[in-house]
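Colleague: Taken from TrEMBL, the feature active site, proton donor covers E79, E320. The annotation active site is assigned in TrEMBL to D226, E338. Marked as Ca(2+) binding site by TrEMBL: T424. Residues annotated as domain 'PA' in TrEMBL: 621-708. For 753-850, the entry in TrEMBL reads region 'Disordered'. Annotated compositional bias 'Basic and acidic residues' per TrEMBL: 753-767, in sequence order. The annotation compositional bias 'Acidic residues' is assigned in TrEMBL to 782-794. According to TrEMBL, the compositional bias 'Polar residues' annotation covers 799-818, 833-846.
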Amino acid sequence: QEHAYPADELMPLTCRGRVRGQEPSRGDVDDALGKFSLTLIDTLDTLVVLNKTKEFEEAVKKVIKDVNLDNDIVVSVFETNIRVLGGLLGGHSVAIMLKEKGEYMQWYNGELLHMAKELGYKLLPAFNTTSGLPYPRVNLKFGVRHPEARTGTETDTCTACAGTLILEFAALSRFTGTSIFEEYARKALDFIWEKRQRSSNLVGVTINIHTGDWVRKDSGVGAGIDSYYEYLLKAYVLLGDDSFLERFNTHYDAIMRYISQPPLLLDVHIHKPMLNARTWMDSLLAFFPGLQVLKGDIRPAIETHEMLYQVIKKHNFLPEAFTTDFRVHWAQHPLRPEFAESTYFLYKATGDPYYLEVGKTLIENLNKYARVPCGFAAMKDVRTGSHEDRMDSFFLAEMFKYLYLLFADKEDMIFDIEDYIFTTEAHLLPLWLSTTNQTTSKKNTTTEYTELDDSNFDWTCPNTQILFPNDPMFAQSIREPLKNVVDKSCPRGISRAEESLGSGPKPPLRARDFMASNPEHLEILKKMGVSLIHLKDGRVQLVQHAVQAASSLDAEDGLRFMQEMIELSSQQQKEQQLPPRAVQIVSHPFFGRVVLTAGPAQFGMDLSKHKAGTRGFVATIKPYNGCSEITNPEAVKDKIALMQRGQCMFAEKARNIQKAGAIGGIVIDDNEGSSSDTAPLFQMAGDGKNTDDITIPMLFLFNKEGNIILDAIREYEAVEVLLSDKAKDRATIFKGKTIPNYIIDSNLEMENMDQKSSENDSHKQNSEEATSESQDVGAVSEEPEEAESSDAADPDTLSPAQADSDSVSISNQDSNVPGTEEPACAQEDHQSQEQQTETEPNSKVNWDNKVQPMESILADWNEDIEAFEMMEKDEL
């Protein structure tokens, strides 16, 4: 409220609200924003869980008074459903509970439910398709096909996007007595079930909403599919419809048969489920152990959760994606709650205090690495500890809720949490809805359910008393073999397909063995339907046409070969790239809390080999571009020089400031509005000459990050920074010095969790999805013309999901090769690099969102600091 209201999200580094159209576009990620005070609505029932009933009552009044749902803006159907519709319904659920108790909300007359119904009707136009699958986006004011809607041309949606509606839509129908919402959600689920791959019983990631054809035919339990499975099981729990349990059990059997490779969960092809679709996992699958607990399959839940915890202990947070040998694949972490969710459910199922220690680690890492004076900032790169100016609404809606519940005793709660089911956004829906305003629906009789003599098809929910018969060491005995799975792992040398074949035939040719000059290899490629094309620049291009293979088995070998080549090429490309670096502001009032993502240089001091980094006060040089002799050397000597990009090569700038006595340099982009949030990092290349004479570290900041430092200088002259390969612990930064007591992190006492959670300021923001931007580092040598270019790469890339005609370009020098594709679902997994903005009509709320001057920001921070000083510890 203090920094961002009524905006949808808080931007915790710049202490202002994120308003769509007033910030550079982040692509699909921004589809969650609808100028409807997203974070406020998404957090309503969290306030009640945290026993903040007075604040909840005030928040509900603000929603009723200020929120406008009739905005001319295009939003994601999926995100709006789970965050806004779910938030309104969750708020209504706890509001009527509080009213019944007689102390709070006595004035409440279903206003949130009326708003939910209004929003439900605004989402219904998206279902105007022959299949019943919804369009992925809808205009809140004009629907889908209206001339002014600016949407309705899409053909694809992700499985989770269409299959994660039933809880909210059914609850809306049950609360209001209007059956149309539940009917539409059921029709979408029915269609997905009918289109499952019949031999494997798996579903793909993306589906055509008109034809029902699978667009992406890989299948897993992470991004794009995750909550579809979750909602099948939870729909059975909430609605009591046997068909949902039958469907879930059928899918679950397939998941455990093909995707589960303990402790890993790897995507496979729906038509060839013994063939892995990729060798990395995304962080969204961290919800799955929690779902397995609800299912009652505890052993694999413990195994996967422990593997994920080992990854977290290595990187402090769970990277957006990581490989099967636990290397970082995508380095971002937008403070996702899925792992905390699974930790909570595992503790509920086992009572094992080990999971309290896991929760304690999560809280300590959040406080130590993500907390900034205006809230909690997403991690731009878990390897460097750099921040991103964003805080998604799900951080407050889910992370706070699950961590509080993990430590809360029954007497800490003002209501019985067991009377509710959690939606995928952790909103609370009462179980009594199962017997209220039931929708009469025919059981799906068009398809016979798979008959499996399997314990997966038990008709009762598991009783935890018989899961662990007087054996408190049960969970520990499962975890123990996985204790060092991350640290001791090596790249997996044998594929899932080879394991399934046992002593059967091996692939005729492995990608790592391929030589373009070997006639025997070329003959094998031809047999597999793979042709080789020599390009003019000396590289070779591989193209596979499955129909040209000698047999279906040869075509499968060809597809496997192409996938191996993609992974090999991607890894070779990554090995040539330098990882991003960190600029950490350590002076007052920042004290190491703000970490900016910086691009590395291919010359000068290698910060990865100088772990202490370079620390010093910053100084702006003259001339500012640094392209000639520095005229203010007395101001630059023994300081870190700030300069503007442009007009000469980076190496020349470095030589000039080094000659003036600078101990390091930061180049700030001159492209107004550029940011690491929306643009790929690049590494500063040399000038084509020997650069061994440059011995100081050089880093690059985009315009937005650079302005944070420049604004600090204007308002607070002495600004000290630390240049390093990764952010340092603040205790390390201030070693030997007096540390202000409000920045000391300390352990959280379990018995005080309820009090401490309630003390936290709710300055937060929201929204980031998995992207491979942090891996997309381009080398730049000349400015400004070439500075935006990335490493040369052939435009042809191979998607593992494409089996008919795919191509990949491989350099004979093992370089310049495109990487793998990123998930296509707009649900929570794609971020555009476009910089364009859109202007939306004004709503009844004042959306003016000018950047606060540094003086105002520092004043706000000082208020926070004073609050910190009053706390004994720095806690959640």
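Backbone N, Cα and C define each Cβ position, glycine as well.
Keep in mind that TrEMBL annotations are predicted by a computer and have not been checked by a curator.
Quick one: where do these features end up spatially?
Modeller: Note on D226 (active site): other Cβ atoms within 10 Å of its Cβ, all shown chains, come to 29.
Counting Cβ atoms from all protein chains shown, E320 (active site, proton donor) has 29 others lying within 10 Å of its own Cβ.
Sequence-distant neighbours of T424 (Ca(2+) binding site) (same chain, 6+ apart, CB under 8 A from its CB) are I82, T164, L167, D226, S227, E230, Y231, F287.
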Colleague: In angstrom units, rounded to an integer, how far apart are the Cα atoms of E320 (active site, proton donor) and E79 (active site, proton donor)?
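Modeller: E320 (active site, proton donor) and E79 (active site, proton donor) have their Cα atoms 19 Å apart.
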Colleague: How many of the residues that make up the domain 'PA' (621-708) does DSSP mark as helix, as strand and as coil?
Modeller: 20 helix, 17 strand, 51 coil
Colleague: Cα-Cα, whole number of Å: E338 (active site) versus E79 (active site, proton donor)?
Modeller: 16
Colleague: If I take every residue in the domain 'PA' (621-708) and average their pLDDT values, what number comes out?
Modeller: 91
Colleague: So how many other Cβ atoms are close to E338 (active site), meaning within 10 Å of its Cβ?
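Modeller: So the Cβ neighbour count for E338 (active site) comes to 24.
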